[in-house]
Amino acid sequence: MSQSDLDRQIAQLRNCENITEGEVKALCTKAREILVEESNVQRVDAPVTICGDIHGQFFDLMELFKVGGDCPDTNYLFLGDFVDRGFNSVETFLLLLALKVRYPDRITLIRGNHESRQITQVYGFYDECLRKYGSLNVWRYCTDIFDYLSLAAVIEEKIFCVHGGLSPSIKTMDDIRAIDRKQEVPHDGAMCDLMWSDPDEIEGWNLSPRGAGYLFGGDVVDDFNRKNNIELICRAHQLVMEGYRVMFNEQLVTVWSAPNYCYRCGNVASILELDENLTKQYKIFEAAQENKGLPAKKPIPDYFL
């Protein structure tokens, strides 16, 4: 696949136009070659801009790039949940993947709980692939790539980034490095917890109302950060009406990057910019104008938000 082919595909995808099934297959083959070399805990250099859930809200991703700068000018780290719920999961994921193949050192993609065959069959990506391509091949190519995505990232050895949260099975980063990630997201265990867990104002660990992962308290965060010489955990996975939420004496932050989530929640979104000294700047943005006339998605039980 030549650079000019890739550049044409990126331009098409930026216009929210689909590339062919054959092009998707070739793109995924190339992406796999790049992702297989990345670590379970991928090292990322600052400056970098961290983005939370996107959920197929393509025009809001375009808004994000307006606010944060284009790739490769800006170095990006996306914390997963690229697909499901929004109307343009296909274009969203394929654009991010094409940028990854074109600029592998300027964009890092880690896996969220929605980067899963099972979840995408329920929440929209599967149906969207079938509707737009008339077969399940594109869904298969993409979900195969999900298995190669890193589970976490660490910025300058100081900021730990993950989609969901911590796990009682994980004490150190080496515990994450020991996971065989090339599989469907399991229903329980360390890999599952990284993608499903949530922080809460509790002590220790508690069962999660989501039915997967755990709730974990500030003492757990304190302990993990101390053991691993980490200053901050940065995660996504939970809708935050104000775009981001800092917890536990600034030891953890949730970043949410899907404005007016599901085209009905009325929330703003944010991205977190870190300069070379790891100084933080949150940038808030609202839903793109293109979404204004969209019909609201049917209500989702709050349990799953």
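Using the three backbone atoms N, Cα and C, a Cβ is placed for every residue, glycine included.
Residues annotated as Mn(2+) 1 binding site in Swiss-Prot: ASP53, HIS55, ASP81. Taking the Cβ of ASP53 (Mn(2+) 1 binding site) as centre and 10 Å as the limit, one finds 28 other Cβ atoms among all the protein chains shown. According to its DSSP assignment, ASP53 (Mn(2+) 1 binding site) is coil.
Reduced to three states, the DSSP call for HIS237 (Mn(2+) 2 binding site) is coil. Per Swiss-Prot, the feature Mn(2+) 2 binding site maps to ASP81, ASN113, HIS163, HIS237.
According to DSSP, HIS114 (active site, proton donor) is assigned to coil rather than to any helix or strand. Counting only same-chain residues six or more apart in sequence, the Cβ atoms lying under 8 angstroms from the Cβ of HIS114 (active site, proton donor) belong to HIS55, GLY80, ASP81, PHE82, VAL83, ASP84, THR120, TYR123, PHE125. Residues or ranges marked as active site, proton donor by Swiss-Prot: HIS114.
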